Each structure stands twice: as C-alpha cells, then as structure tokens.
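**Student:** Here's a structure for you.
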C-alpha cells in the first residue's frame, strides 16, 4: 500500500488517555458506579444520538448553539448534551414499565461543542443519579442524596470536602418579600458570588435597577453565616411572612436533620444561602460540593430538586431530585493539580516470562495463576531479560516469574518483586499464596 | 408551561432497555471486561467522534455509506463505526508512550447507519481485545486469544460453544497452488458457505469463470473434515508445494498445539477450513465462535491476525491479533431466543420500609446495612404496605425489612423473604448475617 500517511490526530477538546491514566479514570468511574448501586439506583443507558425535536423540546438558548446536530437521510438528529433530557424522555416513554419512586443512575458521555479552552471538553462523562416520584416525592429524598455524595467522594479518597446545601424557595420567598419580581436574574447574579465577589453582585443588582436599600437587604441576607443550626435560627428570626419562604425553610430544616441522620459528618455539609444553581429547573433543594483545599476547581458535584422532570414529554407530574458528577473535567483538574497521580497503576499482578525452550511450562504456570483469579500476562515474544523486566516496569506490573531449565527441574520459580528488586525461589503454591 | 407535548420516542435502530434488562446487559459487559483484564489487557477509551479524514483514511466502500458524518464549524467529523480504526490511530499517535506487545481492550459504542431491520442496530457495543506487536508478534499470541474467548463465554454461562479456527495463508496458498488469482473473491464466496450452502458457493465460483475442475478441487478442499489432528494430517498429505500454504499450515499447527496448552477443552475449538472472515485485513489466523445449539445466531465472537494495523497512520510495522464481541446484537439475539432472561435481576439486596413515625429508625438501620456493604434502598414515601411490597416485588428486591413501633421496642425487625413470603423477627445482627 503506497497510500499517504494521515496524521493520527484527534479533534481538539476531546480527552484521550494513555492506559496508565485510563486505569485510574476507570477506577474512579467504578467507585462512583458502585456507590450509586449501593444506594439502590438502577442502571439506564440511553442512546447517544436522539431526535433533535426531542432533545430540544425545551428549546433554544446556549444549548442549541453547542449541540452536535446533523441529518442522516431526512432525519434531524443530535448528540445528547446531558443525561437529564434523555432521562425525562426515558421516564415519559417507559412510564408504564417503571416503578416509582424510580431511582436511576446513568454514566455516559455527553457532547457540547463549547469554545475550545484548557480544561473544557467537548466530549465528557457525566455520572448522574436521580430519584423520580410519581406525582409526589418526599423531601427526605433530598437528604439522602448528600449521603450518596459523601459515600462516593469518601471512597474516591477525599477527606476534606463540603456539600453546600440551600433551598431555592428560601431565596425566591425572600425576594418576593422584598418585592423583587425578576428573581431569576437576581439568582443568577447571586450565583456568581464566588466569581465576581460581593461588590460584583451588588453592582449587577444595581444595574438591574434595584434600589440601594434593597441591595443592602440582599447583601445582608446572603451574608448570613454560622453553623447549620445557627443559620436556620437566623432565618427563622427574620420572621419573613411569605409562604414560599416558610415552605423552603421547613424543607431545609428537614433536609438538614436527615442529612445528619443519614450519617454525613458535620464537617462535610453546610447550608450556604448563596448557592442558587443557575439552571432554571431547580425548584427546591440545591447542592454544590467543594474540595475544601481546592476551591478553585469549583463544584465537583451539583444538583437539586425539580418540581417536574418531563413537562415536554408527558402530562404526568414527575418531581425529582438528582446530582451529577462531571468526571472528565474533574479528572483533568485533579491531575493538573497533582491531587491524583496515575503512577503505580496496574490491573495485571504478574508477568510470566518463559525462557527460550520453556514456553510450554510458562503457559502451564500462567493457566494455574489465572485459574486462581490472579491477573496474569505471559510474555510470548523473544527478547533479552533486561528488556522484558523493563517492559514489566513500565507497565507497573508488580511481580514477574521467570521460568527456565533450573526452575522447571526444581519446580521452584524465580519470583521477583519489581519494586524492591528482591528475587526469591518459590514453588508455585507459595507464589500463589504470596499474590493472593 | 403550556408547551406542546413532544412524543418521547427514540430513533429507529437504537436499543434502549428497561432497568431489569439493563442490569443483565451490564452484568455481561462486566464479565467480558473482567476476563479481558484477567488476561493482561489494558483499557483504552477513544473519542466517539473523530476527524473524518482519519476514520476514512482507508477509504470508501460500504463503510462510507453507513457512517454518521457531519460538519461543525468547518470541521468534517464522523462517529466511529468500529474500534479497530480508532485503535490503529491510537497506537500510531501514542506509539512512543506505549509498551509493546501492547495488549488493549476497548468496550464502547460504535455507529453504523445500516438499513433498519430487526436485530440490526445503528448504535451498538463492541468489546474488543487486540495484541499489537512492534515489528513482530509471536504466533503463540494467536493461541492465547481462544483461551480468552473460552474463559469469557464460559463465565457468561455458556457450556456448548465452538471456537472455529483457520488460517488465511492456508486458503491463499491453496488458491495460489490451483492458479486462482482473485483469491479475495473466492474467499468471499467460501465465507458465505453457511448462508448459501455448498451449491451456492459452487455457483458463485463458476460465475467467476472458474472451471468445473478447479471448483471441484475447491469443494474437496473445503470439505476436509475430522478432528483437529486429522485435519492437520489431511492438509499435510495434500503436499501442496506453496510457500504461503506451508507457512499457514505451520502456523495453524502451532496455534492448535498451544490452544490446547492454554487449557481450552477439545470440545470448544475446532479447525474449520471454510472460515475466511470477509474483512480484507486479516492475513493469518482467523476465528469465529458459535453456540453449538444456536448456530443460526451466527458467530458471537470473531477476529484474527493482521500483518499491519496502522499502515494509513504510520510507517511503523504493527502486526496484531484481536477479536470482537458485538454485545448489543448478541444480547438481542439471546433474549429473542430466550437463552438469557432478565427475571430476578436486582442490584439491591434489601428494601427498608419505615412505618409512619419510624423514619429515623429506618434511616439508622439503612445506614448500618450500607456500612456493611449491603446494597440497601430505603422507602421514603408514604403508602400502604401491600403497595410497597408490590414495589419491592416488581424491582426483584429479594428481602424487605419493616420497621415500626413493635420492631423498635423489641429491637427485632420483620425480615421478609420476598420469594418465599416467609417472614421472621430478627435482630439487626442476625439480618446482616443472613444477607452477607
């Protein structure tokens, strides 16, 4: 073949890992999945491609510009840009086959043609859980979600992280009480607090035409600090006579009580009245999760409660609560900040190296190890021992077994710990005992 | 919101499962992955979208018609239609970061806009392994692959299946020896033997303008039967003086010897001289795997040896051997034929049901069970007991624990086996012992 060589490159904004990093990435995916399953969430796997009219039923905005949309034949189709819209479509479509409350998890890739910049990806994994009620969904569900976040991040190896909890009704009720109509805009401004600071928020609010007096009240409100019980007391003391506010405060009080009961340590969750979550569809509880020592990474797990999941696809009322971990971006940031490292990762425990003429014995030993469930690779090529040791080293394979004449005659094999360089002569039974 | 309701449908040719089926599907995916890892294969996860010029570097044919191709901005991109082309691109692009022989597995979705028909999917999972050598790759690798197939299908629950093995060089050499030039066309005809029968093959060959005499020889050749050693003997007895044939026969002899040594039982593999694999790039060993009692399903796992993986992307010579399981289609067929069933599938072991007023105790019991690693769901809604039992039943959750006044006072909980209906009063310790 004398064809031209095509440069083997991928599109910008796509993450592709070398195997040692991929092992670490998969380990994190597995931990997330295992935790979701431990809490009774059921797996769902929806198509990556959907009908555009279905994906965009909610319509326009930023999403429509970012979406990968195309035609095949006469069909207008698009790649999913999140897992929430497919969930809504799924629950509406399979309504009669599902049992409510429906707990589902989905882990999969989604696509957004965002502007290309460092740390932003156009293809990325989302790891979602949601609990969907049929008509109603008890508020205690909102308290169980943080216990899933806690369990997951704890097992991912994090100790110091805080799940920040708020309730949109408290914000909305408060805004109503001070006669602010466009609470969505105010919420969006408040949501930027971390990025633009209190003065930035003040300025944005004044730009909306809100009076200095009212801006002062907002500033005072979002400055309420203290431990969870203190904040709840302060909110009660405001004696705001607004139904929505009162409902939100009741909900938050219940959620905080049960988050504790669900075993989340006090250090790992906190009410934060400035958390609003920009997305329109949250209506009650909202969450964001921060690594205490790496706040600049932003929220590593967010979500909240919504009144109705699938208004665009069904008349059934389907309230729900859920969260999402954007693992691709998180993984990238954790690697960049050296919070995680992929050194020493290996799925393979041992490399069997048969010397020239001892392939048959090598295969037999390999079979025996695999029968014992030990992840084993056999080196089938010819080559110098130093080169093969180097190969094992680069793959982080912790042990090698060398098999040659001496080994076969004495039924004792050279068993080498690649980390320490220590080499012992052991029987196969002893090696298996060692490796297990 | 008074928007119109959009029908929550998916595109034709896409598989979407309800959770009980998805659990079974995922269980199969996990078994495949676990087996691939046990044999030392490393994970790779390439983007679903690639540059069209990269994906189609090999060029045209059926593939180009089926591909999902589109533009975003000025970029011509396409969805991957298999995992082999991305592997070639990956190995060429990451050449200096990889260690050879490079064993990789990839499990992911691929896309082909095939004509819509029952059992054919436009989005489907492929589960691939390949071993890539740098310049050379020992023939014994070709013998290890069937042991991976064996281990995987055995653990998937199959007993009676046959890995059919052949070597393209034997076929090519034989065709050369009878002066057939366009062996590719003849191979394609032979490959259809299962579908069109021996007469169909004869007819196709005659249509190519091959003489009756030669067609007779081909017929005789592909009719060679017997056990593996008998077939090898028969091939030797042909005394065909053709280098390619002799090389193929030597390779096949070695492969068969080592397949046995790698522990594959004789019942589970067989030389089959009619297996050719339509794909052009196989150059040596080829495999197809059949469920003995369900031959109509066709091959459930196929692959083979190729001389050079990435000719379009690099000048490095990269020989390899690999196989693929197309799980989406296989799952569909196994379900259709009732070979697998999704009844009784549950990831959740127990449902905790707190009676009115006993939510706090319910949460505590739930925490305790989860701490013990038991997959536990807590029922947080209000509702009649019969309805909740029915919920557990529909989700196939095998056990429920009911917590009410009596239970809390006596520290003994109603523990119900949902299958037998048996209900016992047990302490939490006893329940944990039971569930573990």
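Cβ coordinates come from backbone N, Cα and C, glycine included.
Below are the features listed in TrEMBL for this protein:
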type	residues	note
DOMAIN	B:24-354	domain 'Aminoacyl-transfer RNA synthetases class-II family profile'
BINDING	B:82, B:83, B:84, B:112, B:126, B:130, B:277, B:281, B:282	L-histidine binding site
**Student:** Return the residues near residue B:282 (L-histidine binding site) by Cβ distance under 8 Å, restricted to its own chain and a separation of at least 6 in sequence.
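**Tutor:** Result: B:168, B:304, B:305, B:306.
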**Student:** What three-state secondary structure does DSSP assign to residue B:126 (L-histidine binding site)?
**Tutor:** strand
**Student:** Compile a sequence-ordered list of residues in the same chain as residue B:84 (L-histidine binding site), six or more apart from it, whose Cβ lies below 8 A from its Cβ; state 'none' when nothing qualifies.
**Tutor:** B:128, B:130, B:322, B:324
**Student:** Please find which two of B:82, B:83, B:84, B:112, B:126, B:130, B:277, B:281, B:282 have the most distant C-alpha atoms, given that the record lists them as binding L-histidine, and give only that distance in angstrom, rounded to a whole number.
**Tutor:** 22
**Student:** What three-state class does DSSP give residue B:82 (L-histidine binding site)?
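**Tutor:** DSSP call for residue B:82 (L-histidine binding site): coil, neither helix nor strand.
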**Student:** Fewest other Cβ atoms within 10 Å: which of the binding-site residues B:82, B:277 wins that one? Let me know.
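**Tutor:** Across B:82, B:277, these binding-site residues, the one with fewest Cβ atoms within 10 Å is B:82.
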